[in-house]
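Trainee: Okay, handing you the structure first.
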Amino acid sequence: METKPPIPLAVLVGIQTPDVDDIAHEASLAELGRLVKTLGYAVVGTVSQKREGTGAALLLGSGKLAELAALTGGTGVVTSMAPPPKSKARQRFEGAAEGAAPPEPDPDAARRPEFVIVDHELSPSQIRNLERATGAQVLDRTGVIVEIFHRHANTREARLQVEMARLKYVAPRLRESSGGGGRQQGPGAGESTLALDRRKIRDRLAELKTQLDAVQRDGDQRRSARRDQLRVALVGYTNAGKSSLMRALTGSQVLVEDKLFATLDTTVRILQPETRPRILVSDTVGFIKQLPHDLVASFRSTLAEALEASLLLFVVDASDPTYESQLEVTRGVLREIGADAVPSRLVLNKMDRLDPAARAALRDKHPDAIMLSAHAPGDVSALRDTLIAFFEAEMVEDTLVLPYAKQGLIGEIYESARVLSEDHDETGRVLKVRALPAAITRLKRSLAAR
């Protein structure tokens with residue numbers, strides 16, 4: 001019978017700086033725990049400390065560092081001379097060499113945490129110091145997010161974007177392997193192993209960029225074809241319920257999981273029941289605080305769905321006590337890509353998780369927000385009506401004359417506009433339509449072309 005490997009264990013580490021209150025600090029650590037769970041690890045402990053900042057070489061004070069090392073089985077010593085923790089094989093070997101009886105097996109030692117996950121971005125030297133002190137592998141928040149993105153990327157574009165971000169994260173954290181600093185390889189005279197590795201990364205990044213540019217050109221062409229269509233983009237913090245709402249609005253079988261970053265690729269579906277003209281709904285990658293800048297830059301083309309949408313729906317988990325800061329993170333990322341000028345509506349999701357008093361307080365605070373549960377058909381139907389009304393206000397009526405020689409364009413007209421009436425005369429079909437001004441302009445251009 002095949003046995004599954006044990007679930008990796010991890011300890012979380014958080015620093016609470018003076019500008020962060022207790023609620024925000026605890027929420028951030030809880031979010032980090034969910035990120036770690038998404039990686040498939042189990043959180044078995046948390047070490048937290050109030051400090052002025054996160055820039056110190058030791059990160060933690062000596063007492064908290066000792067507490068962390070006790071959990072992981074490390075020495076708690078942070079110096080370049082600190083010996084690495086001895087493996088069980090090394091302990092058995094040294095015990096046999098000295099003729100000593102082997103130590104009694106420690107039932108807890110096998111389950112000591114292999115990972116220390118820090119809720120901040122760390123410098124390479126901080127990572128090395130903590131690894132020496134704890135004997136565990138150290139990941140910072142950025143490293144965890146990059147790894148999750150790497151595992152969840154499905155499309156070619158997403159995989160290319162994530163690999164670029166991952167290499168940019170790894171490059172400054174490379175260091176010489178033990179005994180490797182003196183080796184010289186490669187075409188450059190005196191090129192060390194480290195320099196060679198970094199050069200390989202630079203070459204790979206250049207190769208990835210070329211491939212990504214080609215993929216994105218294809219994506220730009222697809223988006224250009226949808227430019228004058230009715231488009232709604234769901235944007236918001238990760239795990240706010242965007243994919244559940246997407247499924248409810250479109251009837252599509254998009255992935256819905258209680259995991260952070262379950263969706264990395266933009267999905268475009270048609271609002272159901274279908275309208276004329278059709279309304280397209282996009283589900284975009286979720287945001288998170290301290291989202292690595294390289295990941296934001298890498299996903300700029302994916303987020304172009306938000307930039308080019310007619311309407312943004314800011315989907316928020318109303319049951320989360322930190323929803324306001326999550327909303328600000330979303331708005332901040334959209335400002336960064338230039339999408340802050342797109343018309344938007346606030347959608348307070350998961351209202352079914354709140355008691356009547358909390359719901360009333362939210363109504364007072366956000367009187368213009370759309371309040372719903374993605375799992376309540378009545379709420380979803382009301383949102384659909386709101387979307388239709390938004391686009392109706394943007395549409396105009398006009399008359400199109402379709403020559404008999406161009407009857408092949410009738411499908412495009414019915415797809416891009418609502419046909420209110422149809423007559424015939426000696427020139428062709430005379431169609432009274434209602435559509436967005438840009439769509440009517442494009443259709444008239446097509447009809448006038450030879």
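Every residue, even glycine, has its Cβ placed from backbone N, Cα and C.
Not my notes, these are from Swiss-Prot:
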| type | residues | note |
| --- | --- | --- |
| REGION | 79-110 | region 'Disordered' |
| REGION | 173-196 | region 'Disordered' |
| COMPBIAS | 178-189 | compositional bias 'Gly residues' |
| DOMAIN | 230-395 | domain 'Hflx-type G' |
| BINDING | 236-243, 261-265, 283-286, 349-352, 373-375 | GTP binding site |
| BINDING | SER243, THR263 | Mg(2+) binding site |
Trainee: Quick check for the class: what is the C-alpha distance, in angstrom and rounded, between GLY236 (GTP binding site) and SER243 (Mg(2+) binding site)?
Mentor: 11
Trainee: Including all protein chains displayed, how many Cβ atoms other than that of ASN239 (GTP binding site) lie within 10 Å of its Cβ?
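Mentor: I get 22 for this one.
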Trainee: By the DSSP assignment reduced to helix, strand and coil, which category contains GLY236 (GTP binding site)?
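Mentor: Its secondary structure by DSSP: strand.
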Trainee: Compile a sequence-ordered list of residues in the same chain as LYS350 (GTP binding site), six or more apart from it, whose Cβ lies below 8 A from its Cβ; state 'none' when nothing qualifies.
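Mentor: Once residues fewer than 6 apart are set aside, LYS350 (GTP binding site) is near GLY241, ASP317, ALA318, SER319, SER373, ALA374.
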Trainee: Write down the Cα-Cα distance for VAL285 (GTP binding site) and SER243 (Mg(2+) binding site), rounded and given in Å.
Mentor: 10
Trainee: Which whole number is the mean pLDDT over the domain 'Hflx-type G' (230-395)?
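Mentor: Mean per-residue confidence for the domain 'Hflx-type G' (230-395): 87 out of 100.
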